[in-house]
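Listed in Swiss-Prot:
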- 23-41: compositional bias 'Polar residues' (COMPBIAS)
- 23-144: region 'Disordered' (REGION)
- 42-124: compositional bias 'Low complexity' (COMPBIAS)
- 125-138: compositional bias 'Polar residues' (COMPBIAS)
- 162-221: DNA-binding region (DNA_BIND)
- 288-330: region 'Disordered' (REGION)
- 291-302: compositional bias 'Gly residues' (COMPBIAS)
- 303-322: compositional bias 'Basic residues' (COMPBIAS)
- 374-403: repeat 'ANK 1' (REPEAT)
- 407-436: repeat 'ANK 2' (REPEAT)
- 440-469: repeat 'ANK 3' (REPEAT)
- 474-503: repeat 'ANK 4' (REPEAT)
- 507-536: repeat 'ANK 5' (REPEAT)
- 540-569: repeat 'ANK 6' (REPEAT)
- 573-602: repeat 'ANK 7' (REPEAT)
- 606-636: repeat 'ANK 8' (REPEAT)
- 642-671: repeat 'ANK 9' (REPEAT)
- 695-760: region 'Disordered' (REGION)
- 696-746: compositional bias 'Low complexity' (COMPBIAS)
């Protein structure tokens, strides 16, 4: 009797369906593919290879290639259907003849609408032959609901054009989608639309496919990083995910990848195995396909395209395609290794007992400690995949709990990095060493701390795991990685287990450096309370205060300053924490640092002070706050190593209001002008600065296009007398920036000739500001801008800016 291999619908770790006989298959077909339950057998055709059935007035002939009994039209039935009106015996003879002529058909539509009451289908009306029906199978959930409905109603439902029908993704579409997914896991709308047009799909279906594919990647293909800069040590060794996580079906006696693989192992148990097998690489060589899967006959004819298995069956003859290449070589070897293929078979609960039959003297028995070319063992794979029962049975069968792969990873590292706590406990109970590290120096405790697995870390520490072991790449300890990842409870656990809070890595960074970089206030507070060095200097000269000031973590900055951190330590570039805060325009951080006595006169290695940095990277408000702070002794004309003054940098950057403010602080335009001319800067800027130097107070008839504002006498008249003209009002707003350089006297301006002794002249303000936009925001202060627009202006008295 023919044997049909049912496709396993369970993945690794679940019971296998196994082989189903002819009678079992008929009952299966009756339950799932005949929802009306009116199945009859024709006793007059027992000599046929396949059973002939009358299903709701339809002659059926089951074929294993059609699991769901698709309905196919057969014109030969029409030759004898008219005889059904005579008597029941003639009808049976006609049906027998038709079934003998069409033995390979599955379900044939009966075109007779005039059957008498003696016919088997006296309660059903049939559709015409022109209505070709291909109903889809009904699930077991809807089986009970369909019992009370007629076949005709079910057929009409299938032909309903308004009913939504699922459209399967073709292998070609899957191939292209998978290729795009490997490059773009989150394609944008434009790319999804292009894919929809290219693949003849809807944009919504493409979006749903990528969502499902990302979910599959998260659940089944997650590749954990064991250390910073380390490769995917574990999963690269495991090989292809398709080979590890899928168990396809197969037709015939040899089986396919997975489902048929069980037949392969059964053949081994029954003694039908090759006597030339290698005991260290089980069933290697050319015989592996015959024993592990493929089509019928043990040769292997199953082609695994993603999750689709296609078995070739023509006229009830299995055509097997024998791939005589070992899985460890060629294209198959690139997808998954020999060990991974054996793992998915031998780790099945039904076959795990086979492992205890290992006999060193028997070349055909299996060595539980054998490894493939990548160093993979059964115990390592079981620990990685989370199979607790298999791990226990393997250890009981003599598997080494400390066995390593080619990268030095142990089963305990694999279980720790993925958070398989029961397996970690099981391995530790069987004397797995918690201090064994891989080739990069990663320990199980480091892996657990990186993944945030608190219970696993606690179990490892209870079994005397080394708390201060460092990695070989960057010398980090578990406390470093826990501080960087923000796992406060793990940090507390490590410190309670005598981990040093001031331990340094290969870059001289402490866990406090990591906490300050990432902004974890609670971890920083925990480390400081347990004696962390707040002035520790890393390889670049940075202290934790440098990093918190750079990142703008004000709470941590204040915490460090209140606990005695030094704000005046310079790094390798000469920067103090306040230099970084000014460069990143962190105004609140600068306030904290000034409050805790940060020195404002310190220069960087290239000679720049805080005003230089304010002009280049920050706003006018930052420069004002620094100039007006107590203890600021920065000169307005102070230059860096290249001879650049703040005024030169402000003019070059086009920061008009910064130029005005620096001039009000006594910055020399002559120095800036000489530098601009020397470097051949913008002619307009040079012309403006040059005109302010050479123009006298009596030059009211100048024809220069730039000098279009009244001289200093007219400006003083505008300030003292109201003017209703709109143009004069604009001049009034602009001239509110007129600064009086008399000794503390803000009521009366000095004569123009005495205001600037050599090189300064007031027309510069008007010319530059005249060319700027009237509503231009000149600082981050809202009140500053409001007063500027209202015409009240800003007056500067003896170097103090007053709103």
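Cβ coordinates are placed from backbone N, Cα and C, and glycine is handled just like the others.
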Within-chain partners of the repeat 'ANK 5' (507-536) [C-beta distance under 8 Å, separation at least 6 from its ends]:
474-475, 477, 479-480, 482-484, 486, 488, 491-492, 495, 501, 542-545, 547-548, 551, 553, 555-556, 559-560, 563-566, 569
What residues elsewhere in the chain lie close to the repeat 'ANK 2' (407-436), defined as a C-beta under 8 angstroms and at least 6 residues from its ends?
222, 224, 226, 233-234, 237, 375, 379-380, 382-384, 386, 388, 391-392, 395, 401, 442-445, 447-448, 450-451, 453, 455-456, 459-460, 463-466, 469
May I ask for the residues of the chain that lie six or more residues beyond the repeat 'ANK 3' (440-469) and have a Cβ under 8 Å from a Cβ within it?
224-227, 230, 233, 407-408, 410, 412-413, 415-419, 421, 424-425, 428, 434, 476-479, 481-482, 485, 487, 489-490, 493-494, 497-500, 503
Same-chain residues at least 6 beyond the ends of the repeat 'ANK 8' (606-636) whose Cβ lies under 8 Å from its Cβ atoms:
574, 578-579, 582-585, 587, 590-591, 594, 599-600, 642, 644-647, 649-650, 653, 655, 657-658, 661-662, 665-668, 778-781, 784, 800-801
Can you tell me which parts of the same chain pack against the repeat 'ANK 6' (540-569), counting only residues 6+ beyond its ends and a CB-CB cutoff under 8 A?
510, 512-513, 515-517, 519, 521, 524-525, 528, 534, 575-578, 580-581, 584, 586, 588-589, 592-593, 596-599, 602
Give the residue counts of the repeat 'ANK 3' (440-469) per reduced DSSP state, in the order helix, strand, coil.
17 helix, 0 strand, 13 coil
Could you give me the DSSP helix, strand and coil counts for the repeat 'ANK 8' (606-636)?
16 helix, 0 strand, 15 coil
Sort the residues of the repeat 'ANK 5' (507-536) into helix, strand and coil with DSSP and give the three counts.
17 helix, 0 strand, 13 coil
